Amino acid sequence: MNIAIRNPVVARKEEGSLQVALDPDLKIETAKVFAVYGKGGIGKSTTSSNLSVAFSKLGKRVLQIGCDPKHDSTFTLTKRLAPTVIDALEAVNFHSEELRVEDFVVEGYNGVMCVEAGGPPAGTGCGGYVVGQTVKLLKEHHLLEDTDVVVFDVLGDVVCGGFASPLQHADRALIVTANDFDSIFAMNRIVAAIHAKSKNYGVRLGGVIANRSAKTDEIDRFNDAVGLKRLAHFPDLDVVRRSRLKKSTLFEMESSPELDAVTAEYMRLAETLWAGAEPCEAQPMKDRDLFEFLGFD
């Protein structure tokens, strides 16, 4: 069977961008699916990769899908920049039946399977369309049938119809944030996007992961106000920076009391999510209300 690479809009000019038409029938039915969002640079790839390892250490079969054109979501798992789905398809002129699994799937640390969706050139195309084609390709090769957990690591805090497309496939959306104004402001916008998508899809907010923060007071105050909950807290430790430079997950770093506490927190988070995190019925604030709500030390 071929993947139908078709233009999802009725027309396209010489210059401009495609918009994605989401397919409500394209579902991942055999795995628990999590989509990880958050402000750009907040540590979503670090969080996603270490969470994937934690799931794998629970004995689960894990697939991580990077949804950023930079295709750097999984490098701490694979120790290299993995080939992207879009590059693999272009190499065979989009004849997907010519692709082998190893052309676009890389096995990473502790058996985590890694896929980088990639994306169109900057300023053209729709990244969400690429995500949809990635899921179709994985289904065509029956890879999702042998998977227990799928983790989507999603570009920045972009909540357009395209990069919101992983929400079509997800059971729970997780938001990574720090204890600062900009991160929480971005989180509120993501809450609004997920709230809108939940009207048409089964995705629900799973909760908040506090990252790179010594304290969580502002996060907790915001959560209480809108109806969110904090699932985990990871402080800003130098070992995290060093793990990225070593192209390694935290589970591969030399043991220390502070590192052991972090990996234990990842294991606890994975256990909580696998057991079934209750959805959060959060209501986002209006931007001006949030501006007045935050800060004022």
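Every residue, even glycine, has its Cβ placed from backbone N, Cα and C.
These numbers come from a predicted model, not from an experiment.
According to Swiss-Prot, the feature ATP binding site maps to Gly41, Ile42, Gly43, Lys44, Ser45, Thr46, Lys70, Asn211, Arg212, Pro235, Asp236, Leu237. The annotation Mg(2+) binding site is assigned in Swiss-Prot to Ser45. The [4Fe-4S] cluster binding site annotation in Swiss-Prot covers Cys126, Cys160, and the record cites sequence analysis as its basis.
Feature map: annotations from Swiss-Prot on the structure.
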residue: Gly41; record: ATP binding site; Cβ within 10 Å: 13
residue: Gly43; record: ATP binding site; Cβ within 10 Å: 21
residue: Ser45; record: ATP binding site; Cβ within 10 Å: 23
residue: Lys70; record: ATP binding site; Cβ within 10 Å: 13
residue: Arg212; record: ATP binding site; Cβ within 10 Å: 20
residue: Asp236; record: ATP binding site; Cβ within 10 Å: 13
| field | Distance in Å spanning the most remote Cα pair of Gly41, Ile42, Gly43, Lys44, Ser45, Thr46, Lys70, Asn211, Arg212, Pro235, Asp236, Leu237, given for ATP | value | 26
